[in-house]
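Participant: So Swiss-Prot lists these for the protein:
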BINDING   Gly8, Gly9, Ile10, Ala11, Ser12, Gly13, Lys14, Ser15  ATP binding site
DOMAIN    3-207  domain 'DPCK'
Amino acid sequence: MFLVGLTGGIASGKSTVSSQLKELGCPVIDADVVARKVVEPQTAAYRLIVRHFGQEVLSENGEIDRKKLGQIIFSSPEKRRLLNSITHPEIHKEMLKQILLYFIKGYRYVILNVPLLFETRRLTRFLTHTVVVYCDPATQLSRLMQRDALSQTEAEQRISAQMPLKEKRGLANHVIENSGSREDTHRQVLRLHSKLDDCMQFLIIRAVAVAALTGLGGLFIYTVKIITS
């Protein structure tokens, strides 16, 4: 089994590409979905967030209010680093558990949808392919303002909190250009899916002989360490 990292910037279209890959039968682990799970009430991350950020980040039902928390961390790099130090280990732990489940079920590759893939770099050493969903800056800004009902200043602040898309584009093996129509994006997703399929047989044969010496073996060791830590 091999791993494919899918990333991009806020409002660049990662969710669109992820959904299209799921429709093609690809197993996808979404870090944003996992992130919501690991901060549910009574989890370790939830308790630490409340301890460091206070009761004001909670909604009336006691759950983390993502909008309130977002307003804090996107205006303070220090607070953002603190939140990441709380949530990222728990997110990676849960993702690694899901990867192992897909491996046990016999899947030949898994796509990891990780917004901060290149910022944290904790998972990049285990990836065979990396994919960036790219759109031009003007399109990204417009989409974010419309999607989250933000002012231009608020949207620019959130975009600047991440690594620039142009820089991410230069780090990836594959780029999906998502500035145009949904149909054009889908054609690119189909081409990516075909490339992944084409390399499957080679990797299956190769994995039988060298799995213990490659990233998969390292992944198991890393998983044991992080789960038992």
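Cβ from N, Cα, C; glycine included.
Provide an account of the burial state, proximal residues and distances for the features listed.
Facilitator: For the recorded site, Ser15 (ATP binding site), the DSSP three-state label reads helix.
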Participant: Specify the secondary structure state of Ile10 (ATP binding site) as given by DSSP, simplified to three classes.
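Facilitator: Where Ile10 (ATP binding site) sits, the three-state DSSP reduction gives coil.
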Participant: Out of Ile10, Ala11, which has the highest number of nearby Cβ atoms, where nearby means within 10 Å of its Cβ, if these are the binding-site residues?
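Facilitator: Going through Ile10, Ala11 one by one, the largest Cβ count within 10 Å is at Ala11.
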Participant: Counting every protein chain present, what is the number of Cβ atoms, excluding its own, within 10 Å of the Cβ of Ser12 (ATP binding site)?
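Facilitator: There are 27 of them.
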Participant: Taking the Cβ of Lys14 (ATP binding site) as the centre, how many other Cβ atoms fall within a 10 Å radius?
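Facilitator: Within a 10 Å radius of the Cβ of Lys14 (ATP binding site) lie 24 other Cβ atoms.
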Participant: Other residues near the ATP site, CB within 8 A of the CB centroid of Gly8, Gly9, Ile10, Ala11, Ser12, Gly13, Lys14, Ser15?
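Facilitator: These residues sit around the ATP site: Pro115, Val133, Cys135, Gln140, Asn178.
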